[in-house]
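Database features, via TrEMBL:
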type     : residues                                : note
BINDING  : A:30-37, A:148-151, A:Ala177, A:185-188 : ATP binding site
ACT_SITE : A:His37                                 : active site, proton donor
BINDING  : A:Gln61                                 : beta-alanine binding site
BINDING  : A:Gln61, A:Gln154                       : (R)-pantoate binding site
There are 2 protein chains.
Amino acid sequence: MKTETSIQGLSASLNPARSARKIIGFIPTMGNLHEGHLNLVREARKLCDVVVVSIFVNPIQFGPNEDFDNYPRTLEQDSHLLAEVGCDIVFAPSVEQMYGHHPRLTNIRVGEITNDLCGLQRPGHFDGVAVVVTKLFNIVQPNYAFFGQKDYQQLAVIKQLVRDLNMPIEVIGVPIARAEDGLALSSRNGYLSAEHRQIAPVIYQSLKQAEQDLHAGKALLDVLTEIRMQLTQAGFVVDYVEARTPMLQKSDQFDQDIVLFVAAKIGNTRLIDNLQIKHIL
Amino acid sequence: MKTETSIQGLSASLNPARSARKIIGFIPTMGNLHEGHLNLVREARKLCDVVVVSIFVNPIQFGPNEDFDNYPRTLEQDSHLLAEVGCDIVFAPSVEQMYGHHPRLTNIRVGEITNDLCGLQRPGHFDGVAVVVTKLFNIVQPNYAFFGQKDYQQLAVIKQLVRDLNMPIEVIGVPIARAEDGLALSSRNGYLSAEHRQIAPVIYQSLKQAEQDLHAGKALLDVLTEIRMQLTQAGFVVDYVEARTPMLQKSDQFDQDIVLFVAAKIGNTRLIDNLQIKHIL
């Protein structure tokens with residue numbers, strides 16, 4: 001496995017593969033990798049000849065009150081994990097390398113679907129994601145890019161961006177990796193106290209209960225209220241519980257496939273999760 | 001010369017060239033071609049193995065009071081001209097093909113340098129240009145893209161966009177093509193009455209006079225006032241006369257290379273022109 005820290009170095013590393021028309025797979029990350037990220041690499045490994053993972057903590061997707069400076073940077077440990085699952089190239093550029101050479105004047109906004117859910121609490125966050133992903137796509141020029149379904153809204157934003165701008169890339173969403181008790185894997189789980197870690201799986205349990213209830217015919221709005229109650233009772237402060245279509249349009253009836261979204265805080269840690277629910281006729 | 005009207009058809013036409021690692025040159029246009037456009041093709045011909053010209057009247061760069069519906073569409077005549085100067089592929093998609101398949105949520109804004117000069121009179125215009133150029137770049141995936149220096153602000157916006165988003169494309173600005181009397185070639189010249197066509201070269205004459213005056217040591221602000229006076233006397237309604245650095249930063253001293261910009265109306269026709277002036281120590 002190679003590590004490249006400059007755009008030029010990465011291009012030089014990728015050029016032979018590109019000339020040979022090999023299939024390039026790409027996974028953008030902010031590092032501090034867990035099993036969820038490694039699953040993305042395993043998926044990429046199946047489809048692609050060359051797998052590139054970027055590790056870049058992107059300053060422009062953090063809000064002024066967010067934890068850019070304290071975001072965990074664990075490049076050495078991440079590199080060991082990536083080598084084990086068969087990553088070929090790690091791209092770990094500096095902020096200088098990505099943004100430093102001249103003032104950036106360009107912004108990309110994917111409207112409507114970034115205004116609510118996580119976008120409501122994090123103004124500008126998805127603009128920052130759209131810009132960095134576009135830059136990384138243009139630098140790596142992959143055939144496939146892999147994103148976790150855990151950040152479902154982010155995945156939908158990137159699919160929309162790729163479609164709207166005719167980017168020559170196929171975006172693949174990979175199912176959420178979960179701990180045995182159902183908690184969706186996340187870098188943020190490391191912030192949980194032992195006690196809160198015990199409570200955290202209630203999110204997934206409430207989503208699975210909702211799925212059962214919906215298939216049993218219970219009304220969608222009642223099911224959403226139920227989730228909210230369960231979470232509050234368990235000690236969460238709920239940010240949102242919502243149902244959307246797969247492309248994030250609002251939905252208050254379970255008359256097509258839907259996705260249930262939860263964001264809730266336990267202690268100081270904000271957790272998100274979602275569950276795709278098939279509409280069975 | 002081939003003509004393609006679908007993205008899929010264009011890809012199929014370009015794939016053999018791409019596989020053979022040939023150099024692809026691209027010139028986006030809105031058609032109604034004149035000698036200025038043909039010069040771009042000639043420049044592309046020198047550097048590239050395959051030359052693609054797109055002809056697409058882009059609805060989203062027209063304001064609500066602008067002439068999208070009446071913009072001249074002369075595909076047959078354009079195709080003859082392009083074949084003569086050695087274009088390989090004309091890409092002439094429908095609006096449906098470029099935008100029709102789903103609602104577009106993505107916008108691209110190149111800030112600051114789009115807020116004034118032509119941006120002031122045409123809010124949203126450069127966003128529309130940035131979006132369509134990004135789409136076309138992703139569809140054609142050229143090595144080089146060629147733009148005329150006549151639309152200097154547009155060229156600067158696209159250079160900034162390419163740099164900010166790390167697009168793997170080199171943007172080349174081609175000098176303004178002029179009529180013998182100095183008038184910058186433009187689709188809009190066709191709207192001029194015989195009388196106004198006589199007056200129109202005053203724009204270029206006033207710019208050349210300004211260059212002489214600056215090199216003779218006259219103050220920049222006086223020179224700008226002089227241009228404005230000459231245009232007004234000749235019968236123009238001046239929109240702006242401004243000096244900028246090559247990257248469009250404001251400049252009120254001639255202490256570095258500058259570009260003089262003019263936009264002025266004669267009758268109902270708005271003409272623009274510019275002149276790059278070297279600072280000689």
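Each position is counted from 1, following the chain as shown.
Yeah, the Cβs are placed from backbone N, Cα and C, and that goes for glycine too.
Annotated features taken from TrEMBL, shown on the structure.
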residue: A:Met30; record: ATP binding site; DSSP (3 states): coil
residue: A:Gly36; record: ATP binding site; DSSP (3 states): helix
residue: A:Gln61; record: beta-alanine binding site; DSSP (3 states): helix
residue: A:Gln149; record: ATP binding site; DSSP (3 states): coil
residue: A:Gln154; record: (R)-pantoate binding site; DSSP (3 states): helix
residue: A:Ala177; record: ATP binding site; DSSP (3 states): coil
residue: A:Ser187; record: ATP binding site; DSSP (3 states): helix
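Between the CA atoms of A:Gly36 (ATP binding site) and A:Gln154 ((R)-pantoate binding site) there is a gap of 15 Å, rounded to the nearest whole number. Ranking the recorded positions A:His37, A:Gln61, A:Gln154 by Cα distance from A:Ser187 (ATP binding site) puts A:His37 first. Taking 8 Å as the upper bound (exclusive) on CB-CB distance to chain B, the binding-site residues A:Leu33, A:Gly36, A:Gln149, A:Gln154, A:Ser187 give none.
Counting only the Cα atoms, the space from the residue listed as 'active site, proton donor' to A:Gln61 (beta-alanine binding site) is about 19 angstrom. Checking each of the binding-site residues A:Met30, A:Leu33, A:Gln61, A:Ala177 against A:Gln154 ((R)-pantoate binding site) by C-alpha distance, the shortest gap belongs to A:Gln61. Note on A:Gln154 ((R)-pantoate binding site): other Cβ atoms within 10 Å of its Cβ, all shown chains, come to 21. The two recorded residues, the residue listed as 'beta-alanine binding site' and A:Leu33 (ATP binding site), show a Cα separation of 18 Å.
Taking each Cβ in turn and tallying the other Cβ atoms within 10 Å, the top scorer among the binding-site residues A:Met30, A:Leu33, A:Ala177 is A:Leu33.
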